[in-house]
Amino acid sequence: MNLPDKSEQVAKDKLREMQCKFNPLSRCDGSVMYCQGATVVISAVLGPVEVKTQNLSIDGSYLECNYRPKAGLPQVKERIREAAVRDVLELALLSEAYPRSKMSLQIQELEDRGSIDACALNSACLAMLIGGLPLKCSFAAVHCIINEQGEYILDPDQRETEHERASFTFAFDSLEGNLLLVQTKGSFKIAEFNDVESLCRSASAEILQFYRTSISNYHCRRSDTKTSEEQMET
Amino acid sequence: MFMNTGFFEPGKTKTERKFIQQAVKQSQRLDGRKSGESRDVQLTFGGEYGSVVVSLGDTKVMAQVTCDMGTPTTSRPNEGKLQLYVTLAGVSYLDSVQKTHDKRSLTLNSLLERTFRTSRCVDLESLCVASELHVWCIRVDVNVLNHDGNLYDASTVAVLAALMHFRRPDVTFTDGELRTYTEKERDMIPLLFLHYPVSVTYCIYTSNFQPFVDPTLLEENTADSTIILSFNSYQELCTLNAGGTVPTDVRTIMQCARSAANRCKAMVTFIRKALDQDEQQCLEGSKRNTGMLGLMEKSSQKLSFKTLMKGDQKQQQHKTEDMDLEVEAKPNPKLEADEEENADNVENVESDQPAQEEELPMDDSGWLPQEPEPTIDPTKQSPGKPKRKRNKGNKKKQ
């Protein structure tokens, strides 16, 4: 594997730079190419669409969630990620709005340079927002590790992930900051867990703000181009 | 949002077919291209070796090459393995419209196999570490991100670019012990190629027998015949896939083949240039961090066919009854009226006026390089023309 040298030093308690591009794909209802640092993920949503009879539910829509790795067939760790995304989405999605239908979410990994779980979740949220699927709340996911020296590193790079003692992924909702998902790996004390949780909670506010600015930029830019086109025609 | 909007592909309805047939009759295309004009190709290489995203207009395809040590097949004990997998499932939502084993997925897989495996483009013997014991198994995964027509070309470019970009670890086998070196210990080794194949797709409609290159999804779904030609950089034919309901003159196919050969050669040159630029950026140290971020608009300049081939001196011409000229060098609009060839051009040899096109002979001499005049010799067969695969062998003489 070709790991890059770290040229920019991001502070240990800061998230890496986030960027996103909306609707790069033309054939689905909503899509987003999202990156945190050098990790790039592309998500697409399609819905509400027709559902198979075995999944048909009169109470709400059926959620289909798929995560595809860059190379190879999906294995167990991809299924674990899918399960994590599905858990969060089932809490956030307003499935009662479209019964007897299916909402489909596909996530494709383009490059994994650390905290891919959090990236996948964030891109899923953005894709649903831009695709116009009904949500009860939006959510933000943060990944944090405790390295061998006992320091907390927020949103680690792949290089930093090599020396981890414990790893945490949290997902918070946007309304009250409730915890939607916790995934941990490794050994840690409960006090450390609480510290990391509060660290991630404050970071999630930053991510939610990023959602707001990028979506408003996307829509404002479109209305700007419309007005400029009108001016050109007249 | 309607229930089945995602499943609708443009071009399946009668109205759309009628519209496209009429537009084709007037040689018009929806996006304003000429019949011989292709969309721009953009390459973005990832941070890992062997990772590339190809954008052909709106069609986006990602290819990733991985390698693993394995045992060879018993029939070929000193050759490595090359496996190609195309997945239509995923972000492109192409599998929801189709049942499993549908035509599109099978054709794509089969085409890539023929173009890369059967034509023996990668030197598999160089992948052998110890005969009958250890060989490298190279696996190429093609993920279709978006389908807006012409998946074949995008996939072949993606596979070729990914294979050329890929580096495998160095390995030694001494005294029965296999030792793989990491990137830090020894440099990674690129793959060895025997030739570099790329494909070009043409669509033919009943209303106009002129072929249209690089169709969009709407054009592809309404087409009556599709011809896929795959040439390598030496202008040798690697794959030919022709099928449909339009009875097509063999001359048309030969003309398609001629322009496809030029286009493929230019495409391979473009991939090489793009790889060199990527290599340079990597050595400067700025690229490896960005990797796939190049897909974001704000990032550095994209490696696109038009920008990299702009200064190319080779000007390809191809004239048929109505087919427009295929311009390789961008800043040369007078090429449209120019019917003389560039002195550098040795591949294509047309000097007839378009009105006299019917008299163009059907023999193979137009293929051979450095032939000044196409000789009208129906009995002549060119001896040195290698053919990898040919589905249509008969040539009609005039």
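Cβ coordinates come from backbone N, Cα and C, glycine included.
Listed in TrEMBL:
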{"type": "COMPBIAS", "residues": "B:309-336", "note": "compositional bias 'Basic and acidic residues'"}
{"type": "COMPBIAS", "residues": "B:337-362", "note": "compositional bias 'Acidic residues'"}
{"type": "COMPBIAS", "residues": "B:385-398", "note": "compositional bias 'Basic residues'"}
{"type": "DOMAIN", "residues": "B:37-169", "note": "domain 'Exoribonuclease phosphorolytic'"}
{"type": "DOMAIN", "residues": "B:195-260", "note": "domain 'Exoribonuclease phosphorolytic'"}
{"type": "REGION", "residues": "B:308-398", "note": "region 'Disordered'"}
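On the 0 to 100 pLDDT scale, the domain 'Exoribonuclease phosphorolytic' (B:195-260) averages 89 in this prediction. Residues in the domain 'Exoribonuclease phosphorolytic' (B:195-260) partition by DSSP class (helix H, G, I; strand E, B; coil) as 17 helix, 26 strand, 23 coil. Taken through DSSP, the domain 'Exoribonuclease phosphorolytic' (B:37-169) splits into 35 helix, 49 strand, 49 coil.
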